[in-house]
């Protein structure tokens, strides 16, 4: 999100080309089904348009807000106005979709399911793109981006807590397994962050050693690179086999809870995947510290140890954090697949849902995973940006 | 025409833009390679690659010959070798999915990348940069799972996820490669009287090609993994062998499937890396 100012093209008229594309896509979204109503969680549903899915007053208000927000995107306007249009559009959609179940489902019908349709998702995409474009053009400071993220999380959490979405099918799926949801969520974060922490403990010293010795670097990094290219499902499988044999033949290992399936093979696989970005970026960051700075540190009489901790590591920190960002986002995604070997995490719902052909269960696992990865990326990006803007003394 | 190309720009000094998998490319040239004693060391990777390829092909075409190796991993007389579908068919299906979708996504990415870096598409540049950054935080398996409700089971949801991850890294690297073409090179081309089209085809794209190929390699690497997972939604891929092993508790199937998938992924990655280095050397030579 850097250097994002674009001067108006000389030949351009008053219309913003991106705004036109978004408005046309948004119109298509208004025509597509807004919601899907199904008699139970497995059968195919009937599509309902926005007008049919909402009470007349709410439908009119939603349409008015959406049309106005799409209209605001059309002319060449300032980014703040476009930001407001994006927020207004998303808020209207969130409020509207929560009203659909009460309108479509008869009182007391516990089997019927109502979920968002293609039109809803397309409109969310359009307004999210408008919002993303506005924030990119604003090139906000790291603190402002974090503020925006916090506000978005609070707003979404507030809507969920208020029970506004409770009638929707995904929330019905959640209500049936709320304790499991939070348990798997905690397990997801534990696996992603735990393997990251272990990889940092090993990868940082390894990266420093690689920066000092080109021979070690030439030996270690290509091997770690090969590890990264192994598909995750194969990696989990490869970790399972020795652990299963260990558990079968060494009673002590089995007593310690080491088994071929579960969290242990997942943790080891994630740890191996995490090593390359951390070690390589540490090596690159430290090797990138200018020689003049190192000479100055030596001139001040620093010991090698002081030089490492006071000069080299602080200067390499943005690059090292960039590696940690890669690992965090990558791990949050890869943990999902660990569910296949009984490792737990949100993937449990994804693969259960795939097995039962239950769409809402898939969404219950996939949407939180995407949200986690997105929040992790924004947090670390802001941190890296803040460090780069304020160079250490 | 003499243009200094800053080679570091191609390398992962900006890791948030350049794929993690590219990180080791920055390693310095092996000094031992220049000496005659280094000949063996230089030939070793090629020998290892050929050996791995030979072993892989032998296993794919005659898996039953390897049964004694895998038999100790089975229990209660379960089969040691996966035979429900031929491994050759699964491999061809897997590679077809990956290369078909990555190629399609890559071509779209290339066209979009060129479009938004021309003056006419400048309005889309900030958003497209943001979108590829956000898009790549979406886990491929989540995209795969979300595609299932939209298009059903089979090859389609896998193709959607593969197309998207063929598009995003290649698009990002096309943008980075075109942006990092030295202004002096473009000026020189303009001075020689090239039209914008000639500049793009003869100067900008050739100079950006190594970075674009790095994006292709990342795409293919991610997609090899996603195609494997695609077997959980009934796509024809090598993940089927691992999945069958997981479902029936047959460790031999798991190991076979994992070894085949891992070997193919590593060999394909290797081949793309060699191609990339060759093209990179040529681009640097042409610019100098």
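Here the Cβ of each residue, glycine as well, is placed from N, Cα and C on the backbone.
TrEMBL annotations: computationally assigned, not manually curated.
Note that the structure is a prediction, hence the values are computed from the model and not measured.
Transmembrane segment is the annotation TrEMBL gives to one range among A:20-37, A:272-289, and that range is A:20-37.
Residues 227, 264-266, 268-269, 272-273, 337-338, 340-341, 343 of the same chain lie 6 or more positions beyond the ends of the transmembrane segment (A:234-258) yet place their CB under 8 Å from a CB of it.
Same-chain residues lying 6 or more positions outside the transmembrane segment (A:191-214) and placing a CB less than 8 Å from one of its CB atoms are 220-221, 263, 266-267, 270-271, 273-275, 278-287, 308, 320, 324, 327-328, 331-332, 335, 338, 343-345, 372.
Distant neighbours of the transmembrane segment (A:80-100): 19, 34-35, 48, 50, 53-55, 58, 61-62, 65-66, 68-70, 72-73, 114, 116, 120, 123-124, 126-128, 130-131, 133-135, 137-138, 155-156, 159, 164-165, 167-168; these residues of the same chain sit at least 6 beyond its ends, with a Cβ under 8 Å from one of its Cβ atoms. If one looks beyond the transmembrane segment (A:20-37) by at least 6 residues along the same chain, the residues whose Cβ comes under 8 Å of a Cβ in the stretch are 45-50, 53-54, 63, 66, 70-71, 73-74, 96-97, 100, 104-105, 112-120, 122-123, 125-127, 129-130.
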